[in-house]
């Protein structure tokens with residue numbers, strides 16, 4: 001069962017205190033401690049602010065949890081990469097140690113063969129069981145190495161004694177060699193100490209760089225979060241790509257250093273030609289051989305040993321190849337192949353006889369198949385004639401039945417069509433009467449709506465008059481008043497002005513044409529022009545004089561007071577004009593309202609008459625409904641009587657049809673039984689013939705298969721013996737090859753690897769220093785905010801279990817909704833202390849549910 005809670009359910013609390021109770025881990029104690037550390041809220045406005053900030057806090061917490069999970073994921077990926085690399089190292093070192101073990105064993109056996117001593121003890125091998133899995137296995141490995149070291153020392157002492165018998169080296173040469181060895185050992189010790197100090201320094205740099213990388217990644221994650229970016233100013237982006245490769249290289253170098261320190265073997269392998277060099281005479285097993293040690297005789301001996309070893313390897317390869325050829329020839333001689341057997345003369349004679357027998361058997365088989373085919377054809381012809389006669393008779397019977405059924409279906413169809421036509425005629429008559437009544441009702445409704453439209457038109461005219469009066473436009477007011485009195489619906493002042501403009505324009509065109517005609521005469525042209533100009537000036541002067549007389553009177557005196565009075569008189573004149581227009585508008589509105597009241601009273605009378613007619617219509621409808629119900633009851637009675645009569649007829653018809661079907665089925669069964677017996681007889685004859693044929697064919701096939709089985713058994717036995725010998729030889733060869741391959745495997749690679757390891761350590765040290773410098777530069781560019789770090793710690797403490805303070809919260813107690821880790825809850829359940837650690841509320845196992853973060 002999915003116990004996830006949606007985000008809306010979590011945020012659907014009635015107040016901020018409920019959400020705090022739900023989200024606070026650890027019960028009331030931790031909640032109280034948080035309330036002490038929180039800023040005290042005294043006023044209601046602060047509570048409302050806290051409620052508004054709750055979604056932001058929830059988002060911030062979720063993003064902090066997500067960043068912490070990203071950090072854990074990166075750490076987990078680094079750990080997995082390091083574990084995988086260490087596993088590869090481990091396998092490589094184990095393989096190398098096995099190769100060294102094999103090579104060292106071969107070398108000791110060669111020395112033992114050269115010495116020829118039988119009384120020396122066997123050198124115990126170091127197997128994979130001695131490899132240390134942890135620190136407790138180190139003493140076992142040390143004991144195995146000590147045993148092998150002591151046995152090797154004894155063997156080398158014998159070898160040295162044998163060498164001293166043949167040719168003793170001078171004491172001066174031995175002293176020189178010992179001094180050179182001591183000098184080389186001191187040099188190697190100092191270099192080891194230097195490398196160890198560099199390794200420690202590199203480890204410290206790696207740890208610091210890794211810590212800086214973690215800080216930079218955290219800072220980068222915080223910069224990617226929307227809630228943090230919304231509350232903090234933007235900061236420069238951290239270049240994490242410059243830090244990660246250096247850290248990885250440092251971790252790789254660390255792994256290589258540890259591996260190289262752990263793989264210290266008693267012998268050194270020369271990586272140039274894959275041959276192993278032994279330790280010089282007089283040196284211990286733990287002292288590594290140096291390529292520069294020894295004089296000229298040692299170099300000659302080494303060259304001679306290498307040439308002999310090459311010759312031995314070549315001879316060993318030739319011997320292995322010849323042994324393989326001998327094994328193949330021996331196996332072919334003991335168990336010859338099919339190609340060898342097919343080439344023998346006796347086998348060819350047997351093939352000729354078998355071909356003759358097969359030809360005779362094929363001729364007999366063809367004759368038998370021909371006779372069988374003729375018998376089957378005669379039997380099929382007889383069966384076809386019988387089937388044709390039966391099909392013709394049954395076809396005639398089916399044709400007559402189909403004709404009878406068609407006539408009955410046509411009769412039923414005609415009856416149904418008659419009933420449908422009668423019902424359609426009755427329905428059309430009813431619809432015709434209803435249509436006329438519907439038209440009358442629609443006309444009454446249209447008349448009522450027309451009165452309403454006229455009322456609305458009158459109201460629109462009154463509103464236009466009011467707007468014109470408020471605007472103080474006398475011309476528009478007179479135009480609207482005129483059309484309101486005329487009750488014109490489509491009156492438009494703009495269209496009226498357009499009409500007047502067109503009329504005036506036509507008049508001007510006519511006058512201009514007359515002036516042009518008159519002006520063609522030279523004497524009248526000047527006279528008319530001067531007269532028209534004088535008339536225009538006179539009209540302009542009269543208009544201006546009239547305006548001044550309206551304001552100042554017939555004899556005004558010029559002055560500032562007169563100007564102010566003039567302005568005030570103009571304003572008062574405008575107001576008086578506006579008031580006159582409003583008074584006229586009110587009179588017109590009252591007249592329109594009177595007419596609207598008359599129309600409304602008339603419409604009310606019509607609506608009242610319409611309602612009365614509706615009541616009468618309702619009464620008529622009820623009367624008709626009563627009549628219809630009465631007629632329906634009568635029709636139902638007639639219908640049920642007709643249905644009962646019809647059912648009686650149908651039952652009689654069904655009985656008759658049932659009897660006919662029974663008789664037809666009896667006839668069909670008899671016919672089928674006859675056909676079945678005939679077919680059964682024919683099939684039995686065919687089966688008998690086929691069985692005879694199959695028996696003969698199976699007998700031939702059994703004989704053939706028995707011969708093939710005998711041949712296969714013989715071949716199988718021969719192949720088994722051959723394969724056993726080949727497997728045995730192959731196992732031997734594989735064992736030898738594995739031993740030799742293991743002895744010649746990358747023993748020489750160990751010395752080269754150690755040299756490369758030193759170079760890699762130096763390169764890794766340089767990389768770690770560079771990475772440290774880059775990390776310092778990245779970290780110095782911007783650090784984590786202390787407040788954000790504190791918030792992160794607080795959020796992390798919220799995610800931890802309040803009981804153990806170690807693991808994350810993962811399970812919830814549904815009774816009290818407190819969350820804990822799984823181990824703490826399981827411990828409570830196992831110890832039978834099934835009470836909540838926070839509130840001591842008892843709970844059952846079924847009350848424990850897992851919490852899912854999303």
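Here the Cβ of each residue, glycine as well, is placed from N, Cα and C on the backbone.
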If you check TrEMBL, which stretch out of 233-266, 267-300, 301-334, 335-368 is marked region 'Disordered'? 267-300
Matching range for TrEMBL feature annotation, coiled coil, among 569-603, 604-638, 744-778: 744-778
Where DSSP helix means H, G or I and strand means E or B, what are the helix, strand and coil counts for the domain 'RING-type' (801-840)? 9 helix, 8 strand, 23 coil
Taking all residues of the domain 'RING-type' (801-840) together, what is their mean pLDDT? 88
